[in-house]
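Take a look at the structure below.
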Amino acid sequence: MPAIVIVGAQWGDEGKGKATDLLGGRVDYVVKPNGGNNAGHTVVVGGEKFELKLLPAGILSPNATSVIGNGVVINPQALFEEIDGLEARGADTSHLRISANAHLVAPYHQTLDQVSERFLGKRAIGTTGRGIGPTYMDKVGRLGIRVQDVLDESILRQKIEGALRQKNELLVKLYNRRAFEVDEIVEYFMGFADRLAPMIVDSTRLLNEALDRDEVVLMEGGQATYLDVDHGTYPFVTSSNPTAGGASVGSGVGPTRITRVIGIQKAYTTRVGAGPFPTELFDEMGERLRTTGGEFGVNTGRPRRTGWYDAVMARQAARINGFTDLFITKLDVLTGLSEIPVCVAYEVDGQRFDEMPMTQSDFHHAVPVYENFPGWTEDITGARSLEDLPKNAQDYVHALEAMSGCRISAVGVGPDRDDTIVVRDLIAD
């Protein structure tokens, strides 16, 4: 059976959790391959809203094993707060497994994240301050602490001693902050060791053996394509690769075992934090999309920036990830609009760009070229086929499919798991 990847095709918050949850009852493993608790997603089950950060959306599917992959950076305190919160509401998290090779976020990573953002001033990236970037820096710099290290306190201590020699120099001499003690960091991590130990696995072997048994593995990328450290709007990006290729690296599942790559896009566009956003709306319409769509960050509560659908970005995302399918979410948010603009090209200094400009400077100065589509007023939350939609809504969906260059296989028409039009099976087809 296949390995399937779900990827955000914009700047995050597209509804990946809903897509994962929709498929979760039919898959055997749900994997989070990258990111940390800097990106949250919301899943609505039976009218009840669950806000997840570190845990894969599949944690709410009792028949699927949830796996936090090697590409994730884990704040253990945040992890167990999330687990305890779900269990207090009756959820079963006993099917969670964690890669031994995933890295751990230390208290000094969070401090460094926060003080470095303040140090950058106007050049700040707009991080969540949760230590994700500094943890990835230590991973690449070979100063990182991995999940498996809590199984051996002596190794953990050696690694922390090495890391703090550098971190304390930065904190004290550059940022005028206090130094961290080795003992306090060792005690912090060892305080989670007993709860972590039963969950720790060789996730590469676990997932590949599942595929050998013809079981279905679903990988849910965090963040999104345009937050990818290589392919995103650099430097306003995350510190990992939340594209389809990153799912392979962050899970240990080889690329030839991946048969479906599903891109998730809103029927409009949102972004959190700093960075270019050609179709951004600063007027009452932007506020309408924000309010109607509930566009506030799961982690921070920050209001999201809102704008129209960008077909140029959609085509580029399809290329980068090799999308086989698109899942359009929140079509219902557009209900009631008399006209819906879609960005079909850019103009930069009088020159038209039908595809993404090569440089970030040009993208930063891009002015959208719009094509307008007629809206609809009918309630679409009960639609379960494209034919159930008003004609103008059908035309809008077909236009997005044509402009993105990728088939649309599902459309979200409301907040609940069941508020979805499935055009074609996302597993069997």
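Using the three backbone atoms N, Cα and C, a Cβ is placed for every residue, glycine included.
For reference, Swiss-Prot has these:
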type: BINDING; residues: 12-18, 40-42, Arg304, 330-332, 412-414; note: GTP binding site
type: BINDING; residues: Asp13, Gly40; note: Mg(2+) binding site
type: BINDING; residues: Asp13, Glu14, Gly15, Lys16, Asn38, Ala39, Gly40, His41, Thr128, Arg142, Gln223, Thr238, Arg302; note: IMP binding site
type: ACT_SITE; residues: Asp13; note: active site, proton acceptor
type: ACT_SITE; residues: His41; note: active site, proton donor
type: BINDING; residues: Val298, Asn299, Thr300, Gly301, Arg302, Pro303, Arg304; note: substrate binding site
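Projection of Swiss-Prot feature records onto the structure.
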residue : record                 : Cβ contacts under 8 Å, 6 or more apart
Gly15   : GTP binding site       : His41, Ile264, Lys266, Phe327, Thr329, Lys330, Gly412
Gln223  : IMP binding site       : Gly8, Gly12, Asn34, Gly35, Asn38, Ala39, Thr238, Ser240, Pro242
Arg304  : substrate binding site : Asp13, Thr270, Arg271, Val272, Arg290, Glu295, Phe296, Gly297
Leu331  : GTP binding site       : Ala267, Ile380, Ala393, Tyr396, Val397, Val411, Gly412, Val413
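Secondary structure at Pro303 (substrate binding site), taken from DSSP and collapsed to helix, strand or coil, is strand.
Checked against Arg302 (IMP binding site) by C-alpha proximity, the binding-site residues Lys18, Gly40, Thr42 yield Gly40 as the nearest. Minimal Cβ crowding within 10 Å, among the binding-site residues Gly12, Gly40, Gly301, Pro303, is found at Gly301. DSSP assigns Lys18 (GTP binding site) to a helix.
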